[in-house]
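Participant: Straight out of TrEMBL:
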BINDING   Gly24, Leu25, Asp26, Asn27, Asp28, Gly29, Lys30, Thr31, Gly78, Asn134, Lys135, Gln136, Asp137  GTP binding site
BINDING   Thr31, Thr56  Mg(2+) binding site
Amino acid sequence: MYMLLLGLYKYMFQKDEYCILILGLDNDGKTAFLEQSKTRCNKNYKGMNLSKITTTVGLSIGTVDMGKACLMFWDLGGQEELQSLWDKYYAEGHGVIYVIDSTDEERLSESKEAFEKVVWSEALDSVPILVLANKQDVET
């Protein structure tokens, strides 16, 4: 009887969870994007001062409640030595947001190389990928 009630409770109240990977080179604005998303989508979330954001070492997780679904954003560090770990998270991803710093022309080819590794990964064959050209508001 307990399992029946537990199943009914989960059916009625549990939200679907989707994991979105946020990838890109270091200092491309992945964490700022995540913070802005949480601030705009979560009513009571105050948000972090963007000037206090530092380089992500490893993984930063943020959750956005979308009503009947919950989006879990995994902000992965973009330093060159951490990029080799990205593929360890691909199996869990329902989507990928690849962030590019649109003002950093010197690193565009480096970003392109990292993006190509993501796109050619077999683990992401059926996973949607959004490319986000960040920092459009910054004058160069």
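Backbone N, Cα and C atoms are what each Cβ position is placed from, and that goes for glycine too.
TrEMBL: automatically predicted annotations, no manual curation.
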Participant: Counting every protein chain present, what is the number of Cβ atoms, excluding its own, within 10 Å of the Cβ of Lys135 (GTP binding site)?
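Facilitator: Neighbour count, Cβ to Cβ under the 10 Å cut-off: 17.
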Participant: Within 10 Å of each Cβ, count the other Cβ atoms and name the one among the binding-site residues Thr31, Thr56 with the highest count.
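Facilitator: For the binding-site residues Thr31, Thr56, the Cβ with the most other Cβ atoms within 10 Å is Thr31.
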Participant: Could you tell me the C-alpha distance between Gly78 (GTP binding site) and Thr56 (Mg(2+) binding site) in angstrom, no decimals?
Facilitator: 8
Participant: Could you round the CA separation between Lys135 (GTP binding site) and Thr56 (Mg(2+) binding site) to a whole angstrom and send it over?
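Facilitator: A Cα-Cα distance of 18 Å.
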Participant: Test of understanding: give the count of other CB atoms lying within 10 angstroms of the CB of Asp137 (GTP binding site).
Facilitator: 7
Participant: To the nearest whole angstrom, state the Cα distance for the pair Asp26 (GTP binding site) and Thr56 (Mg(2+) binding site).
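Facilitator: Asp26 (GTP binding site) and Thr56 (Mg(2+) binding site) have their Cα atoms 8 Å apart.
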Participant: Based on the record's binding annotation for GTP (Gly24, Leu25, Asp26, Asn27, Asp28, Gly29, Lys30, Thr31, Gly78, Asn134, Lys135, Gln136, Asp137), what whole-number value in Å is the widest Cα to Cα distance?
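Facilitator: 22 Å is the greatest Cα spacing among the residues binding GTP.
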Participant: For the binding-site residues Asp26, Asp28, which one has its C-beta crowded by the most other C-beta atoms within 10 angstroms?
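Facilitator: Output for this query is Asp28.
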